[in-house]
């Protein structure tokens, strides 16, 4: 169910602007990896490069090599939609489809992939909503609009929608930044639970969150605006937060950055 | 959707309105002789709120503007009914079913049947042809075309809406009629067994020609409104669909079309409004006959608005009343269509309102 992600010498561009420079890291299956760093340092760009959402923007491209279990994600013969099914993504702001009910949102990915049988969809909806710790809160109103839920519930609905297609890897781009502390805690609990089944990579601005949930942490930084972001240090979370080997990392996590 | 920004906009406006008064009042209350400017937050006693402010003024203005709409609608309805009723009473035939229009005789006899049928049929042809094309163009402009192409193309389409209807009418009559006649002959040859394409001719100035000209006329309005709503699809919903493994077309089907549906329905209704009310283009392209017929391709057809344009000059008092009565029927058709559309939009309202 979970696969290894390997990046070697990845640089991402927006047109002629280089957003990240020469990032290499290996993410092991069934682990949680946190990417931290100041705004604009390219951690979201790197995340979006992994499931090829980066190239949705015009003129965006990458150099280097990204693989999932040794298969090249950027192989020209690879079906992009298959990559994205295999590597799911949860966004910064909860984005359930506004015209769909809770149920329809949960199974949207399956429907896109041609699953039509009602019983299969029903099972998948319940399973994914249960996995997202949302089932008990919504089981009596599955036909209500997904956008009518609270922010935290919406984000869990988006997680349910993502894991309903049974991806190998789940990318989360600051999933809690629009949520209150209680909802954040609910998502963090959920991440621990999902770790048994998925490889999770999360971008976060919240260093306590990175320290709480992740096994490994990557610290990105930029020298100044206009320069590409770089991966400064990538190591066990424990080590990054107790005894980082780079001065920049230490400055950032102790709040002495800039 | 746009609620929050506008609400906060109001707050700001209110605050700005209050602050200078507040300051002035505080200054004059505490030290009337002092020339020193009080701080903008006010320093002294809380001033009374003024009874007549810009706030009440604007509220009055917008309320009366809203009320004006009702007054105008009611006035139009009263005018139409007061002129129409005497004429219908003078009618010696059934107004709804009779298929001749002779209201100026000593024994007036006229009926709306042919006219209403022609109006509805040409409008249906127009929408059936125009709406799919318009949605296609709108999607192309909003999601497929590169910006360098989309902007000028959108401009050209908006320009199409600026062409006067009489030009469309003349063009349809003098140029477009030939290809439509050929097309009608072809339809008649292969699909003549379907009653609407049957008949022995002559073909040409038919409901089909009128409907197709109308289709071109409603195309720009449906296109540009649809493009507008498609462009407003939240980017994060499009990304959500793509991240689930959707192709571009699947993304459009999942995120763009459902989101834009109420807007597209509204656009179609505006287009239909134009089609139903269109006068001169149909007066020039239809064959103007008085047979009740569903045949779309034989020369013939008539419409309410075209008939009003054609008959108004030679109409006497009863004749004018009869024409106004036909206008009332047009009004009713438009009203029914609009209310149906609103009902369709209203049904999924909770999904719209919660999509803030």
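Quick reminder: no glycine exception, Cβ is built from N, Cα and C everywhere.
Because the structure is a prediction, the values reported are computed rather than measured.
In TrEMBL this protein carries:
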{"type": "COMPBIAS", "residues": "B:1-11", "note": "compositional bias 'Polar residues'"}
{"type": "DOMAIN", "residues": "B:116-341", "note": "domain 'ABC transmembrane type-1'"}
{"type": "REGION", "residues": "B:1-48", "note": "region 'Disordered'"}
{"type": "TRANSMEM", "residues": "B:58-81", "note": "transmembrane segment"}
{"type": "TRANSMEM", "residues": "B:109-141", "note": "transmembrane segment"}
{"type": "TRANSMEM", "residues": "B:153-171", "note": "transmembrane segment"}
{"type": "TRANSMEM", "residues": "B:207-226", "note": "transmembrane segment"}
{"type": "TRANSMEM", "residues": "B:263-288", "note": "transmembrane segment"}
{"type": "TRANSMEM", "residues": "B:322-345", "note": "transmembrane segment"}
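Take the transmembrane segment (B:263-288) and the stretches B:109-141, B:153-171, B:207-226: counting Cβ pairs under 8 Å, B:207-226 has the most.
When each of B:58-81, B:153-171, B:207-226, B:322-345 is checked for Cβ pairs under 8 Å to the transmembrane segment (B:109-141), B:207-226 comes out on top. Of the recorded ranges B:153-171, B:207-226, B:322-345, the transmembrane segment (B:58-81) has the largest number of C-beta contacts under 8 angstroms with B:322-345.
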